[in-house]
Amino acid sequence: MKIGHQFHTVALVGRSNTPGIAEPLASLAACIAKRGFEVVFEADTAQAIGSAGYPALTPAEIGARADVAVVLGGDGTMLGMGRQLAPYKTPLIGINHGRLGFITDIPASDMREVVPMMLAGSYEREERTLLEARIVRNGEPIYHALAFNDVVVNRSGFSGMAELRVSVDGRFMYNQRSDGLIVATPTGSTAYALSSQGPILHPQLQGIVLVPIAPHALSNRPIVLPDDSKIAIQIIGGRDVNVNFDMQSFTALELNDTIEVRRSKHTVPFLHPVGYSYYATLRKKLHWNEHPSSEDDDDA
C-alpha cells in the first residue's frame, strides 16, 4: 500500500446538468464529512443540487483553499476542472458518472469505500501534462487557452479541405491538405487522436503527438514529438477553418492566422486508488482481451 499526504479540505465537483447526480454527491459529502474532512462544493455544482450546509466556492477559491478536488462525472467534467485548477496544483480524484471514463477511473458504486481511503493517504499519484496554445494574427496574439487533451485545427462540416503549414521549433515540417490536424497530449492520445488512427501514448511518456485528420496524401502519418517542441500551424488555404481547445471552439480564424502550441508549464496531479493499472483501463475501455483468464485478472 502506498501512503501519501492526508488531506483536510475536500472540494466536490459534479456535472451540474446531469440527471441523478445530486443524490450521489450528497451521499459522498456526508460520507467524507462524517470522517472528519471539511467539505466544500464547486459553486455551479452547489447551485444545481442545492448543497445546503456546505460552502460554495469558485474554481479559483477551490484552488486557494482545498487540498484536493473530487470530480463526479465524465471525462469532460474532469478535463474542465483540471484546466481551471492547473495553476494551483490541486490534485484531482475522478469518479466515473459518465460513459467511457478513461480518466475518471473510480466506479460510482465504489466511491463511498474508495474515496475516504484515498483522502486518508492511501493513493497513487501521477502528473498529467497540459498544452498551452495561442492564436497569432498579424504578429499579435489574439487568443490563449489551455488544453488537457488536444488542440484541433479543422474545417467546418460544409467547407473543403484545410491547407496547413506546419513548423516545429522554427523548422518547416510540411504543408498539409486535410480535414484538419490534432495536437494531443499523452492523455489526449486516447481521445479524438485515437479515432483518427493516432498512437496511444502512456500518460507518463514525455511527448506530443500530431495526428492528421483524413489527409489528402496517405503519406501524412502521425508523428510523436518531444514534449518541449514548439509547434506552429499556419492557415494557408481553405475556408471556415476552426480551432478547438478540448472542444472549446474559436471559429473566427482567417488566412495566415497561426496557432502556436507548446507544453504548458502547469501539470495536473491525478490521484488513483492503490493498485491502479493504466493497462487494465485500456483493456477494459478498448475491449482488449475480452476473455481474460483469472490469472490475468489477478495481475490487473
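All residue numbers here begin at 1 and follow the chain in the order shown.
Each Cβ is built from the backbone N, Cα and C atoms, and glycine gets one as well.
DSSP assigns ASP75 (active site, proton acceptor) to a helix. Here Swiss-Prot flags ASP75 as active site, proton acceptor.
Positions annotated as NAD(+) binding site by Swiss-Prot: ASP75, GLY76, ASN149, ASP150, ARG177, ASP179, THR190, ALA191, TYR192, ALA193, LEU194, SER195, ALA214, GLN248. TYR192 (NAD(+) binding site) carries a helical DSSP state (H, G or I).
Neighbour counts of Cβ atoms within 10 Å were compared for the recorded positions ASP75, ASN149, THR190, TYR192, and the top value is held by ASN149. Between the candidate binding-site residues, LEU194, ALA214, the densest Cβ environment within 10 Å is the one around LEU194. For the pair formed by THR190 (NAD(+) binding site) and ASP75 (active site, proton acceptor), distance between Cα atoms is given as 11 Å, rounded to the nearest Å. Taking Cβ-Cβ distances under 8 Å and a sequence gap of 6 or more within the same chain, the neighbours of ARG177 (NAD(+) binding site) are MET161, ALA162, GLU163, LEU164, PRO215, HIS216, ALA217, GLY237. A Cα-Cα distance of 10 Å separates ASN149 (NAD(+) binding site) from ASP75 (active site, proton acceptor). Here the C-alpha separation of ASP75 (active site, proton acceptor) and TYR192 (NAD(+) binding site) works out to 13 Å.
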